[in-house]
């Protein structure tokens, strides 16, 4: 089984040089990339705390900002005239997508994109974060139910003599058609202006697998969710990358359910990508280093079950997002710095190197390793008997030292199969061509 595996010499991997050398598209034809999407520049400017992520294999924007040449995220107030309702129920820009001007939005969006991405050859991640409403009627529950209520009211006003079932059907159709027009139109404009960017919406697809209290929690998407996601084929077809969220709710802390939760969320992204006819559509889950809405940092095990799980499924990488709230005080900045230095950094070096070595050993360097269905617990984590991670004397970047043993290479081939990069094929991605 190991006869095809490439011999790998002793590896001394200086991650600083790797990060500085990656000026090509951020994630294309690389096994696994970590993107630091955080305004941790404030830690240095306001508190004198230098969160130095450049020493790891983490693609960052200059100044560690949310927007730059490697990635740009557009929040709702930063791109066009996104319609929504405030928490008080007041409409902004019409409130509903079917009650707002798409032309005005696209004209404003045109200017916003050029201002945020001045370079026409931008080839980084381009993420749109619209969270007020969801494009499928059935998914607008709880606080988002206002979009269904106001959609019904709009139809009722237009047709006061219609019975309730007619109103419901028309309201649903009008809302979903308008939502599609707004989202697809915004993506299309972005791709026209910056065609090399990896355009997509944060949080899509979702799996809605939040039933953590169930004694037999499987992590699977609830019944009907995949069918609803299949109705968003227009979104997957228009996207150039998928950005599902794998933020870990605090309810998962201390349970054994994290891997199941993440596994099925990432799997749903790959499922819709395949259904859209683009198996090479990059999947880049959004992760946090904290439990969502808390200041509690993830343990090493939770990193394995989120970042490691994403890598095991063949994700192109992960986006590590840190809330502005987590950088407000000197204490929180120091906590982030210590975590990066002692826990996150070494783990990122481990998993990115593991994915790289697996790609070279199993997939001829021309594809990503994807965990075989028969090995549900396998992760691209390096064998501590074969590798060590050590700081460089004098405070330089971490260095990975070691070599894959024959046993390591055989185990990789047993646990992982290949998803070839475009232009390569074969069991081990050893042949050029698409057939």
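Backbone N, Cα and C define each Cβ position, glycine as well.
Swiss-Prot has this to say about the protein:
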- 131: active site, proton donor (ACT_SITE)
- 43-333: disulfide bond (DISULFID)
- 207-221: disulfide bond (DISULFID)
- 358-369: disulfide bond (DISULFID)
- 363-418: disulfide bond (DISULFID)
- 420-429: disulfide bond (DISULFID)
- 418-429: domain 'EGF-like' (DOMAIN)
- 70: N-linked glycosylation site (CARBOHYD)
- 99: N-linked glycosylation site (CARBOHYD)
- 107: N-linked glycosylation site (CARBOHYD)
- 121: N-linked glycosylation site (CARBOHYD)
- 216: N-linked glycosylation site (CARBOHYD)
- 256: N-linked glycosylation site (CARBOHYD)
- 350: N-linked glycosylation site (CARBOHYD)
- 1-21: signal peptide (SIGNAL)
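Recorded features from Swiss-Prot, shown on the structure.
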residue: 43; record: disulfide bond; DSSP class: helix
residue: 70; record: N-linked glycosylation site; DSSP class: coil
residue: 99; record: N-linked glycosylation site; DSSP class: helix
residue: 121; record: N-linked glycosylation site; DSSP class: coil
residue: 131; record: active site, proton donor; DSSP class: coil
residue: 216; record: N-linked glycosylation site; DSSP class: coil
residue: 221; record: disulfide bond; DSSP class: coil
residue: 358; record: disulfide bond; DSSP class: helix
residue: 369; record: disulfide bond; DSSP class: strand
residue: 429; record: disulfide bond; DSSP class: coil
Of the disulfide-bonded residues listed (43, 333, 420), the greatest number of other CB atoms within 10 A surrounds the CB of 43
By a 10 Å Cβ neighbour count, the lowest-scoring of the glycosylation sites 70, 256 is 256
If you measure between the CA atoms of residue 420 (disulfide bond) and residue 43 (disulfide bond) and round to the nearest Å, you get 40
All chains considered, the count of other Cβ atoms within 10 Å of the Cβ of residue 99 (N-linked glycosylation site) is 16
Spacing of the two Cα atoms, residue 207 (disulfide bond) and residue 358 (disulfide bond), in whole angstrom, works out to 29
Taking only the CA atoms, the spacing between residue 350 (N-linked glycosylation site) and residue 358 (disulfide bond), expressed in whole angstrom, is 12
Long-range Cβ list for residue 363 (disulfide bond), cut-off under 8 Å, min separation 6+ in sequence, same chain only, gives 369, 418, 419, 420, 428, 429
